[in-house]
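In what follows, a structure is listed as structure tokens, so that the remarks can point back to it.
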Amino acid sequence: MKTLLVAEYRDGRLLGSTYDLVAFASQLGGESAMFLVGSDSDLPQYDGTLYLADSAKYGEFNPSVHKQLLLDVIDKEQPDMVVFNHSSYGWDLAPRVALAMGAAQISEVVDIVDGALVTPVCNAKLRREIKAKTAKCVVTLQAGAFTLSGEPSGTVAVEKIECDAKSLVVFNGYEESEAGGVDLSKAEIIVSAGRGIGKPENLEIIRSLAKALKGEYGASRPVVDSEWAEHNRQVGTTGQTVSPKLYVACGISGAIQHIAGMKKSEFIVAVNTDRDAPIGEVADVLVVADLKQFVPALTERLAG
Amino acid sequence: MKILVCMKQVPDMESKFRINDQGSWYDESDLAWRMNEYDEYSVEQAILLKEQVGEGDLTVLSIGPKRIQETMKKALAMGCDRGVHVNDVKVHEKDPFEIASIIAEFAKDKNFDMIFTGMQSQDRGSGQVGVLVAEMLNLPCITTIVDFAFDNGTVNAKRELEGGVKAKVSAQAPVLVTCQLGLNSPRYPTLPNIMKAKKKELAVVEVGDLLTVESRLETPKISLPEKKSGGLILEGEVGDLVEQLVTLLKERTTVFA
Ligand SMILES: Cc1cc2nc3c(=O)[nH]c(=O)nc-3n(C[C@H](O)[C@H](O)[C@H](O)COP(=O)(O)OP(=O)(O)OC[C@H]3O[C@@H](n4cnc5c(N)ncnc54)[C@H](O)[C@@H]3O)c2cc1C
Ligand SMILES: Nc1ncnc2c1ncn2[C@@H]1O[C@H](COP(=O)(O)O)[C@@H](O)[C@H]1O
């Protein structure tokens, strides 16, 4: 199996998720090469060829141009598999490249079983094993599913690449999230509210428990999207990453993007009416109960 | 202005899933069905755009068996003008490439000024269909948008990146955008609008009339994940549960220290 790994750059820096690609490739075995739109100032530690296009010239986000740069390399290298991270960069670029190659794409791979690739279905309540029918294929890897066992090492053999494709979109720069507010990453105890709270008034139940435990309250994304809580309370890939001594997830199903932000907590309690909720996979204790009854009862017990 | 929004019906994620007899998909009996959450945002954004420009025609397209018409009616009640139901009882066997080809085949000669899709479907979550449709139609595509503005043919959108950072991107219509959670506040259909929606056109097209390609993925094998051991499950009376949890917290954490 020959793989081509598509590394990522953001704001002039190589993203650490690049090494997930390397871990995946070494699990598959065989040759690999790497592709990056970046610069000499921050190169990956990797033993192999790095096809490098200049991000100052081609932009860090420019799908039609990055696609063409990548297709030229694919033409030359003839990989069996082109591997991306399932990230805002990867899920945007991968289908474009797959279509141009006439190749199948398998998204959000979490495992390899007997040559088939495993992907989650229905919020990870199910999983499926898929194979491509096409000779070549494109895959995207779920964040954190494949990681290097040791520190990255190696030296790349850089080969500079160019192209003159036309861009269809204009990238006007980044916008940082508003700073300020609570820093949940420092909290020792976090009680988080999910969509299971049902209505904004019920956030008070969660805040009261957080207070009784002398901790902070957090929230899942739908609670923030509905403006029931501030964005600086959001835990997950597009919110904060936390690792408290105790994390209590109330009415949170346990989507991968939420789990990614809290799985390093020392002790995880989940309160959920659904015994099969995927949060059970990471919880030390899953309390199967209606949070509207259980959480106030717990708060009262702690206060009394 | 001609607008297309692609919408998928998915099972409620809180359902108890079972595997079908072939082991290829989940058993579809006894499930509650709803609009793919991401598509609620795309339907809403399409309606907001039509309201902004003050004129136009907004089509909602969905591929699936007859049951999806219920969810299509919700989209019509929210404010879409017409529905196109691509009838396909085997939609779950189609791969993202086939789904995208069906949509592109439908859209290719209709000159839509804007196309909206969700960034992913909640059940299969490939995140491919929108991008593939755009590429097939040779349109600019902006994925994972959390902010959308349309001004005189220019789309200014913000893409959501990891860690709360956004990328500001613009393109000239026709553009396809894929919508992320939180883009707007999807409206609830009002009773008068639900009544009005009953009179709106809901055309049925057979999938065979639009499908011209073959699947690129083998039929998958589907299974329930192995339960990770270690986690304790507490069930019973609320009072008992509270006592059990407090005991556990005392034994296994230092939060009361
Ligand atoms: C690119 C991307 C980035 C994302 N980033 C994030 C992120 O940073 N953070 C994040 O949280 N999500 C994120 N998401 C969204 C994520 O995929 C899920 O949609 C979200 O986490 C679901 O939130 P939830 O668990 O609160 O809601 P749901 O999934 O709707 O779950 C609600 C849960 O509440 C339970 N419940 C219902 N009623 C009760 C009750 N009375 N008592 C107890 N339990 C009850 C239900 O059984 C269910 O398990 C992202 C998604 C994408 C695509
Ligand atoms: N069966 C379908 N009918 C209509 N639109 C669909 C269908 N499947 C996927 N889509 C659209 O494509 C988006 C991405 O889906 P997916 O690539 O399956 O994750 C969805 O949010 C929908 O907008």
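Note that Cβ sites are derived from N, Cα and C of the backbone, with glycine treated the same way.
Lifted from TrEMBL, the feature list:
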- A:3-175: domain 'Electron transfer flavoprotein alpha/beta-subunit N-terminal' (DOMAIN)
- A:Arg195, A:220-221, A:234-238, A:251-258, A:Asn272: FAD binding site (BINDING)
Just checking, which of A:Ile252, A:Ala255 (binding-site residues) has the fewest C-beta atoms within 10 Å of its C-beta?
A:Ala255
Would you please pick out, from the binding-site residues A:Arg195, A:His258, the one with the fewest other Cβ atoms within 10 Å of its Cβ?
A:Arg195
Which ones, out of the binding-site residues A:Arg195, A:Thr237, A:Ile252, A:Ala255, A:His258, lie near enough to chain B that their C-beta is under 8 angstroms from one of its C-beta atoms?
A:Thr237
Measuring CB to CB from A:Thr237 (FAD binding site), give everything in the same chain under 8 Å that is also at least six residues away in sequence.
A:Ala143, A:Gln257, A:Ala260, A:Gly261
Averaged pLDDT, computed only over the residues in the domain 'Electron transfer flavoprotein alpha/beta-subunit N-terminal' (A:3-175):
96
Around A:Gln234 (FAD binding site), how many other CB atoms lie within 10 A of its CB?
26
